[in-house]
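Inspection log for the structure reproduced underneath, given as structure tokens.
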Amino acid sequence: MSMSMYRTPCAAVSRIRKSPLAFLASEIRNLSTTTRRCINMEDYPTEKIRNFSVVAHIDHGKSTLSDRLLELTNTIKPGQNQQVLDKLEVERERGITVKANSSSMLYDYKGDKYLLNLIDTPGHVDFSYEVSRSLGACDGALLLVDATQGIQAQTLSVFELASQRNLKIIPVINKIDLPAAEPDAVIEQVLMQFDLDIDSALPISAKSGLNVEKVLHAIVDQIPPPPPSPTPPRQQPLKALLFDSYFDKFRGAVSLIKIESGSIQKGDVVVSHHSKSRYTVGEVGVLNPAEKPTTHLQHGQVGYLVCGMKESSEAHIGDTIYKQSQPVEPLPGFQPVKPMVFAGVFPVDNKDFLRLEENVKRLTLNDPSVTVNRESSNALGQGCRVGFLGQLHLDVFRQRLEDEHDSEVIITAPTVPYKVIQGGEERIVRVPSDFPEPHELSNKKASLFEPYVNAEVIVPDEYLGSVIELMSAHRGDQVAFNYLENSNPPRVHLKYHVPLAEIVTDFYAKLKSATSGYASFEYQQADYVASDLVKLNMLIHHRPVDALAMIVHRSKSMDVAKHWVSKLKDVIPKQQFEVAIQAAIGQKPIARETIKAMRMNVTEGLYGGHFDRKLKKLNQQKRGKAKLKTKAVGNIHLPQSAFYDLMKS
Ligand SMILES: Nc1nc2c(ncn2[C@@H]2O[C@H](COP(=O)(O)OP(=O)(O)OP(=O)(O)O)[C@@H](O)[C@H]2O)c(=O)[nH]1
């Protein structure tokens, strides 16, 4: 509240002097009754609610459309490129959505008041878990397709997710303002591919706002309200699905919930089905897009819940919240996601480990799809082994760690979970140094398996040759090949069965450059397949460095070995003795580089006739080096900074 609210500034100051705490308390109360005025949810019965999501391939304009919808409903003030729902720094910097976000809009249409709950979702494959979670809280979805690009790989997969949940799907063709846009062809493509109603597609420009009002009308007219409550909600037992959460320093975990039945309000005592912990509800409300308290939340509504959960982990995604007095059967929740890409995360400075661990945990609390376990390495000291959903997920995590926690970290080369069946026992290897050596494999008969994915690529047919070549270089087996209908230029939809390990490193970059950025790619976890795998040990000065070990397919071992020894040669500082860098399978080196000794010019200042002294000095240097070398065998120390450069390069 501004000072001008008081007759004179002095009046305010004198009030503060009298009792600062009482003053602050009354200010907060005033604030909550003015700017944080409660929305009366009785105004929005179930039939006036629409819960929907915007789903699309990456960059097709979901966040831009969300901004326009928020502006048109006066939820935010108009302004270009706000990307209001992309709250994380990494999202704004990279222009991608990583976490799904929500906002409620109050919309007057044909004389009625509607509550529209929009849940924005990420586009990238690594975050499809967020998409499926968000769809769990929706009754409909806007399927957004870029009019210059047409259907892409992710369009197919998000459509699949939405139709599996029986959502009403409204196709929206975006970017029709661009000269290269072909809205009619893309509409036809979408309607044929997805067997949707011929009149339902809406051509729009999310950027200019053209036709966006029609999208709002379609949301109200076509998306069904949540199924009605059989009896008045207040008489029904509460069943709320916890579908997301965020952390607030002062109030702890704030949960996003969808009320499947009953109602919830301040003062209710609720229970988490997952942990059986009890909480007293402190506040409920809707995100508009900032938190706005409401009198209560009831059947069909989506909103936030503050109930004194101190840790984010208490807000278990997929949990059912119910009233202590009325126990219920839990909702089906969500399938837990399995991280498929693992990497070691170590501090650049060993004494920062505890701080790093704390930071990693804080980040992962907000991201339940990441797993964390302690790991120790003889080269890098104490660190954490973190499991991610994919390579971009890992990159985003690294960036968030650096942005939000000011920590520089060494992240080891990513690895996938391999399966080893040995002596009748099955185990999953997530750390390469735990993979059996060749002699261990031959002693006990062992079978090795690696995870495969079902991958889909959509690409203009002029790049078909490059994609086929790339996929076969990455050990992919082609499963299907179709031309997409109504596509100009002609485009091909390819399906592959490919090892996950082949696509978690630089695959995207290669695909992008092989197809000038025109290919779209998507994959889903498939199965484990028997594979001829080997552990590649990297030896520096004849000693294996555990943090650099990797598991590779035998056919790739030579190329990978050569690549890494040369990479290492570039980052290891010269020593006063010769250093061998080798890559070996078991005891057998298969690639080698040598870093020559640093040669001090001991003959400097000796001219012409001082030949004997020159020779003597050089011989002394040689003897000195021999001594040093022996001493150094146990001593060679790779600076952490070299690892940092190595993993970044
Ligand atoms: N010309 C034009 N550009 C648009 C339109 N809609 C979005 N864009 C641009 O397309 C780019 C991607 O838009 P976003 O809204 O970030 O796309 P997104 O689907 O949210 O992206 P992800 O969250 O990364 O999946 C941005 O540069 C937008 O300005 C449109 O209607 N016309």
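Sequential numbering from 1, following the chain as shown.
Note: Cβ is positioned from N, Cα and C throughout, glycine not excepted.
What TrEMBL lists as domain 'Tr-type G' is 47-227. The GTP binding site feature in TrEMBL is assigned to 56-63, 120-124, 174-177.
What TrEMBL annotates, mapped onto the structure for a quick look.
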| residue | record | DSSP class |
| --- | --- | --- |
| ALA56 | GTP binding site | strand |
| LYS62 | GTP binding site | helix |
| ILE176 | GTP binding site | coil |
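Computed over the domain 'Tr-type G' (47-227), the whole-number mean pLDDT of the model equals 82. Ranking the binding-site residues ALA56, ILE176 by how many Cβ atoms sit within 10 Å of each one's Cβ puts ALA56 at the top.
ASP59 (GTP binding site) has a Cβ environment of 17 other Cβ atoms inside 10 Å.
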